[in-house]
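Pulled these features from Swiss-Prot for this protein:
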ACT_SITE  D70  active site
ACT_SITE  E135  active site, proton acceptor
BINDING   H68, D101, E164  Zn(2+) 1 binding site
BINDING   D101, E136, H349  Zn(2+) 2 binding site
Amino acid sequence: MKIDPVELTKKLISFKSITPKDDGAIEHIAAILKKSGFECEILEFGDKVKNLYAKYINGVPNLCFAGHVDVVPPGELKDWISDPFKPEIRDGMLYGRGAADMKSGIAAFIAAIVDSVAGKFRFSGSISALITSAEESTEEHGTKAVLEWMKSKQKKIDFCIVGEPTSSEKLGDTIKIGRRGSATFKLICHGKQGHVAYPELADNPIYKMISILSKIKDTTFDTGNKYFQPSHCEITTIDVGNNTNNLIPSSIAAGFNIRYNNIQTLDGLYKLIDEICSSVTNDYKLSMQSSRNVFLSIPDRNTDIMLDAINKITGIDAVLSTNGGTSDAAFIKDICPVIEFGMINKTAHQVNECVSIDDIHKLTAIYKEFIKNYFYPTNKILNQINVIGNTPDGPLLA
């Protein structure tokens with residue numbers, strides 16, 4: 001069975017899978033994989049949020065590809081040059097919501113794994129796919145829930161590739177080997193309401209908040225390290241809720257987010273922010289919520305295999321990066337080593353989201369090359385494994 005990754009991308013775009021709905025995309029992928037001998041489990045969590053775990057069982061190790069079919073809303077339809085859920089090809093580019101993030105990535109790895117299990121070469125090992133419809137929103141019902149289910153069923157993954165759009169300028173220029181953590185803070189400062197003409201009878205909390213936020217913004221959390229940029233804070237909201245211009249408010253709220261590296265800990269960040277607040281006032285309330293923790297996959301043999309695959313197909317020497325936002329790799333790292341690699345991310349979440357047709361084919365070829373060398377290591381690393389024989393299609397592994 002041969003899958004055209006471009007046609008599959010177009011089909012996936014046609015599903016109006018605005019997060020956390022899949023609109024039939026999960027079932028469509030499962031049907032394709034079942035025809036190729038994969039055992040498929042469609043899992044529903046929460047308010048019928050659908051996920052898929054599919055596995056072609058052929059021993060160990062288990063190489064998994066992961067991704068999400070859900071997309072963010074398209075925004076104003078009038079701003080699109082075509083219907084975001086009716087894929088169109090123009091000048092070698094495929095347009096549609098999810099084209100970059102990340103339906104083309106899913107189509108590429110589905111085409112690659114189907115072709116690999118149906119190919120001429122023999123290999124010892126399993127290939128699986130973990131696909132969710134809840135990456136962009138209700139994360140507790142998506143990949144995180146699937147991994148908990150897998151643990152309960154003693155289903156293991158040895159290595160995972162998340163097909164998120166990691167490339168910046170050209171396909172193959174960036175592999176993500178980790179991600180910064182995200183900690184969101186909410187701060188409320190209290191004061192005493194009063195008339196602006198009698199400030200001595202009131203206590204304006206706005207000045208307290210300004211002082212605290214200034215101190216936080218001026219804080220150097222760290223200077224980064226070999227793998228990570230410095231941790232940094234961005235103030236995202238300030239709200240007084242006061243529409244009266246002669247009234248000193250009784251309270252003020254602010255929100256800010258810290259993207260932190262592996263030098264920091266959540267407890268340490270909270271303690272630092274709390275100390276800054278208490279240095280200004282004792283009348284405040286501070287809370288913190290963490291969505292995804294920082295993680296790092298130390299480069300190893302599998303990273304080298306991906307670097308070689310990218311170079312062979314594109315001629316590009318990829319860089320290893322931890323920049324950018326969070327992803328479900330932050331959950332997967334708790335059960336196995338994980339890297340992220342996929343399409344160019346320039347138009348992700350934007351109006352007129354698009355990807356190159358040529359890049360879809362190249363990404364498929366890169367994934368296929370990785371699969372081949374993951375199970376059939378190249379000569380430079382054959383001495384690291386036990387080879388028990390050779391076939392016309394490559395070494396037969398123990």
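Every residue, even glycine, has its Cβ placed from backbone N, Cα and C.
Tell me about the setting of these features in this model.
Following the DSSP three-state reduction, the secondary structure of D70 (active site) is coil. Sequence-distant contacts of D70 (active site), defined as residues of its own chain at least six apart whose C-beta falls under 8 angstroms from its C-beta, comprise S17, I18, T19, P20, K21, D22, T132, S133, A134, E135, E136, S137.
Around the Cβ of E164 (Zn(2+) 1 binding site), the number of neighbouring Cβ atoms within 10 Å comes to 27.
Other Cβ atoms within 10 Å of the Cβ of E136 (Zn(2+) 2 binding site) number 20 in total over all chains.
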So around the Zn(2+) 2 site, D101, E136, H349 aside, which residues have their CB within 8 A of the centroid of those CB atoms?
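Along the chain, the qualifying residues are V71, V72, G98, M102, A348.
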Look at each of the binding-site residues, H68, H349, and point out the one with the fewest other Cβ atoms around it within 10 Å.
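It is H349 that, of the binding-site residues H68, H349, has the fewest other Cβ atoms within 10 Å.
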Could you tell me the C-alpha distance between H349 (Zn(2+) 2 binding site) and E164 (Zn(2+) 1 binding site) in angstrom, no decimals?
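Cα to Cα, H349 (Zn(2+) 2 binding site) and E164 (Zn(2+) 1 binding site) are separated by 13 Å.
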Report the residues of the chain - excluding H68, D101, E164 - with C-beta within 8 Å of the mean position of the site's C-beta atoms, for the recorded Zn(2+) 1 site, in sequence order.
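Checked against the 8 Å cutoff, the neighbours are G67, M102, G105, E135, E136, V162, G163, P165, S327, G342, A348.
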